[in-house]
Amino acid sequence: FLLMAGICPAVLGFPDGTLGNDTLLHKDQDKGTQLDSLTLESINTDFAFSLYKMLALKNPDKNVVFSPLSISAALAIVSLGAKGNTLEEILEVLRFNLTESYETDIHQGFGHLLQRLSQPGDQVKIITGNALFIDKNLQVLAEFQEKTRALYQVEAFTASFQQPRVTEKLINDSVRNQTQGKIQELVSGLKERTSMVLVNILLFRGKWKVPFDPDYTFESEFYVDEKRSVKVSMMKIEELTTPYFRDEELSCSVLELKYTGNSSALFILPDKGRMQQVEASLQPETLKKWKDSLRPRKIDELYLPRLSISTDYSLEEVLPELGIRDVFSQQADLSRITGAKDLSVSQVVHKVVLDVNETGTEAAAATGANLVPRSGRPPMIVWFNRPFLIAVSHTHGQHILFMAKVINPVGA
């Protein structure tokens, strides 16, 4: 039998519409966990950067967009059904050590985090959801279903995998509804031997605390590399005071834009020709240095391209290089799912949609102050007209929800 994991996050930088009540949203059950939140944050950041480097290596000169937290959660759910070396490989790649943490604490920490992120009432909308589509002929252990439901709020559905097109439609319709139509299709060409599909969803809808004025947006050049440029819609904001840090050691500028509520986006702009140097330095300590060094700074003019990027990854080609191998092979031991060693993971599909545009707060809070020349200092201008990085974080624990490398703002 084969298990497929489908992961489909969407990050939307605009407030159009509201999120419906039919999403997989669950109230926070404030359970204590022995896994320290700072430890979980560092572990998740370490995994995020390791995965980023592998995706960037395998996709040179292409946009990279992914949700490390979404991928971690899907793998953690799979690990609930794993034993032996299969389990150890997954947890080690996620940066957990079973000699230092109890497995129960790991899952409680993850589940608690996902519930906290999904709490209603925040002005930033974050929806997390997990669904398991199980072939009607597959006998899944009650304990596995109970644990996935209790720890990760996984909703289980039965399907007929002998009719793959019907099952694909069932799964894709569910994904389309959960992502507010941003991801139209997650699975296609299901293999006949597939007997279970795990779907993980993370939907982020953020509104800028200080919005860009659409009247200022204009067509401009974005320099993909030294030889090629593309036309983009360049957003502009004037007289903005926002956290900023100039990292001379790594030759990059770091700027934070806040969303209303409890999230923010960190934009990292390497100097020309210094992207690889910045990428090589990505580790939890670097992120901590940047965040600790941010100070409010008056930006006279900020230029940021409007973004609409989608990516599609087959992570079964990437995760083995990070150390997760057994689960994709005949050696897979997922006997805590069915009670037998006859199940392996065939695919891990990760689809992401990243949209960022001008609109921000519900109040039309003004950005309308015009630039006034000052004597004594040159104007501070930050222009994102070449490749840059983005890390979207929730202020609860500063976990990276989404990470992106923007090579071409209008490309896939």
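The backbone N, Cα and C atoms fix where each Cβ goes, and this holds for glycine too.
The shown structure was predicted, so the numbers you read here are calculated from the model rather than taken from an experiment.
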Per Swiss-Prot, the candidate from ASN21, ASN177 carrying the annotation N-linked glycosylation site: ASN177
Where Swiss-Prot places region 'RCL' among the ranges 36-62, 198-224, 360-386: 360-386
Other CB atoms, at most 10 A from the CB of ASN262 (N-linked glycosylation site): 17
Glycosylation sites (ASN97, ASN177), the one with most neighbouring Cβ atoms at 10 Å: ASN177
DSSP-derived class (H/G/I helix, E/B strand, else coil) of ASN262 (N-linked glycosylation site): coil
ASN97 (N-linked glycosylation site) and ASN262 (N-linked glycosylation site), Cα-Cα, nearest whole angstrom: 30
Reduced DSSP assignment, ASN177 (N-linked glycosylation site): helix
